[in-house]
Each structure stands twice: as structure tokens, then as C-alpha cells.
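Database features, via TrEMBL:
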COMPBIAS  400-416  compositional bias 'Polar residues'
DOMAIN    83-387  domain 'Sugar phosphate transporter'
REGION    400-431  region 'Disordered'
TRANSMEM  29-52  transmembrane segment
TRANSMEM  64-93  transmembrane segment
TRANSMEM  113-134  transmembrane segment
TRANSMEM  155-173  transmembrane segment
TRANSMEM  179-199  transmembrane segment
TRANSMEM  211-229  transmembrane segment
TRANSMEM  235-255  transmembrane segment
TRANSMEM  276-295  transmembrane segment
TRANSMEM  315-337  transmembrane segment
TRANSMEM  344-366  transmembrane segment
TRANSMEM  372-390  transmembrane segment
């Protein structure tokens, strides 16, 4: 009987494991399908943006108005579409990389890869290598001799090196926290990074302190927390790790915004500023993490099966390389978003990504939402809509101010005959019917001043004419 009982109870764990494996494979397939849908959506948005831009250029060549029937100015719509492409790409790559790292660190090879710091250090070297390969290929072919322009030393030591250290610490602490906490609790703590984002942005002068921004941050952070309430398993050590990662990660994006602005003001700035950030930051991250990895995990790794087993060694290196490629693409996309918007806008988009992750957990993993979770999603969404309204208001005010300042450049003469005849002046290639006012001619008070200052008057008129032609040429070609 005992043997029969043993034989009957033996297959049960195997069946349970098979059922669990089937469920996990279904969830994995659903996640892959979701990420694939996001990538397809990003590709569709990009193609739509290219089509609209091409249509606008064709209409301008035909002399038609470039409105295209849009309810908003075309440059604003095109910029919003461009940002949307990178936001969707960011969501797809970020969610995919988080789940891949979670699987690699906790599930792969019967317990996961236990050397998170070593993995992060190798990732940094991979990003350093990829940034140089991309720069070489984009500077004149894969066999070209082009190289990234040197970054000024003050920008490198004050911004690039701190960003590299913060990047390494952020990724390392985030990966370590996944050993102790769930992805849901990780999302909750990371959502509080918007508070640090606002504080650092105010301290470094990227944002002006205002009560509307404070309300936005409180709404979004509290909403994300309520949306994930009830499923968090609090572990103090993991909480400290992910909290430190949240603070350091927020600081690095604010510093990245400062670095991009500094390169804009630099005369010898690199041609591709986004690639330049990865190019200069990755070596600092890798070199900064190398001694930490050797000190904390070197001895254990030297005697582990992941080094002694050649098959596990090759597979682990392949998976780490894949993770490094995903991290390179993710950081490239994030820097592009910071360049196109701001560090605070990236944080707001990250909060929307957190809401997306909660919804994916409901539809894919079957997580249950209690009423307080639904209320949290509503609160977070209201915060994002409020921030969108604030940004839209500021953009409209800036556009009105810029349009008002440009009106002062319309009353410009282009020749001496224009001063004498008072004829209308139109910039070359302009289709506008607007009549530009001409600056009235100067009358000499003394006839003797005509003979003594005639040469100066002629040279002054010629200088004004040349400057006016340069101005109209620049304005006429800037919209092509």
C-alpha cells in the first residue's frame, strides 16, 4: 500500500509543475504579444509622422498652405507625434527588459543568476562598445575614420562622470532589489521618484517651483501607490535598495538634462548629443562598477557553476549581452525623451508606464483590483492630465511671446531705393500678402553734413541691406 501510495503521489508534483509551466508560458506569450503590439504601434506612429512631414513639404513646394486640416499648429502636432513614438518604444523596451531581468536573475538555470552587480558591470561595457560601434558606423561607414568629437573637460568631469556613476548605481540597486521584493512593490517605490525629480529639477533650475507642479506630483505618486495597494510585500532591505535606486535614478536624469543643455551651448558640441551622452557616460559607469563587482562578488563567482560550467558560462554571457543591448536601447530612448521634453516630463511618462504595468497585470496575470486600486488609477490619471494641461498652457504662452517678439523685425529696408521710395519689402520666397512697413528715411539737419557723411550713409545703407538679405534668407530657408 505504501508503495502504491508512493507511486500514486509521485506524478502529482510533475503534473503541477507542468500546469504551472503551461500557465507561465501563456503569460510569457501574452507579454511578448503586448510588447510586439507596442513596437508595431511605435512603427505605425513613426510612419505616420514621416508621411505628414513629407506631405507638408510637397504642399509647400506647390505653394499651398501647410495646415493639412489640423486643429493645432503643424509643428506642435508633429512634435507630439514624434514624442509619442519614443514613449511607446520606451514602454515596450522598459517592460520587456524588466521582465527579462526578473526571469534571468530569479528563474533561469534553476534559481537565477545570482551576480547582479557583475551583470550590471558587463552591461555597461556592452553599452560602451555599442555606442562606439554606432558612432563609427554613423560617422562615415563601418570602415570610416570618423570619431566622436572631444567633450570639454568641465562638462565631462562635472556631468558625464557623475551621470555614469548614478547610472551604474541605479541599475545595480534596482537589480539587487528584485531579489527581495516583487515587481509590484518595486513599481510602487519607483513611482515616488517624481517627488525627487521635482526637487532636483527645482534645485538645478530646470523647473520653477509652483503649487500646480506640487499638486501634480502628489496626485500621481499617491495614485500609483493606491493602485498597487494590497499586493505589496514589504521587505526593509529591498525597500531601502529600491528607494536609493529611485533617488539616484532621478538625479541622473536631471543631470542628463543639464548635460544636454551644456552641450547645446558648447561650440565644439558632438553632432549626435544623445549618442554622445551614452558614449561618454558608459565608460564611467563600467569603471565605477568594476571594483564593486570584484569586491562583492568576485570570490563567489570564481567558484560558481556559472564560471566552471562552459555551457552555463556561454549562455549567461549571451543573456547578459542581450540585457546590455536592451539597456543600451532603453537609455538611448530615455535620453531622446529628455532632449525632446524634460526630465520631469520623462518622470510623468514613467508614471503612466506604471499604470500600464498595473493594467497589464490585471489583463494578463489575472490580478484582482479592489475599489481602492481603481480609485488610485483614476487619481494618477487625473494628475497626468493636469500636468498635460500645465505644459500646454506654458507652450501656448511661450509661442505667443515668441510671435510677439518676431514682429519687431518686419520694418527693415533692403536697399537705398527702399529708403527713398518707401516700397514694400517681402522676404525671398514668401507667399504672404502681409505688407511690411518701411523705416522712414533720415533727414539731415545741415546741408554740410551731406557731403561730410555721405560715404558713411551709403555704407550704412549697404550694411543694412546685406543684413536684411541674410535675415530674410535665413527665415525663408528655415521652413523648407
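Numbering starts at 1 and runs along the chain as it is shown here.
Placement of Cβ uses the backbone N, Cα and C atoms for every residue, glycine included.
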Region pair the transmembrane segment (276-295) / the transmembrane segment (372-390), three or more CB pairs under 8 Å: no
Dominant neighbour of the transmembrane segment (113-134) in 155-173, 315-337, 372-390, by Cβ pairs under 8 Å: 315-337
Sequence-remote partners of the transmembrane segment (155-173) [C-beta within less than 8 Å, at least six residues beyond its ends]: 116-117, 120-121, 123-124, 241-242, 244-245, 248-249, 251-252, 255-256, 258-259, 262-263, 266, 277, 280-286, 288-289, 292, 327, 331
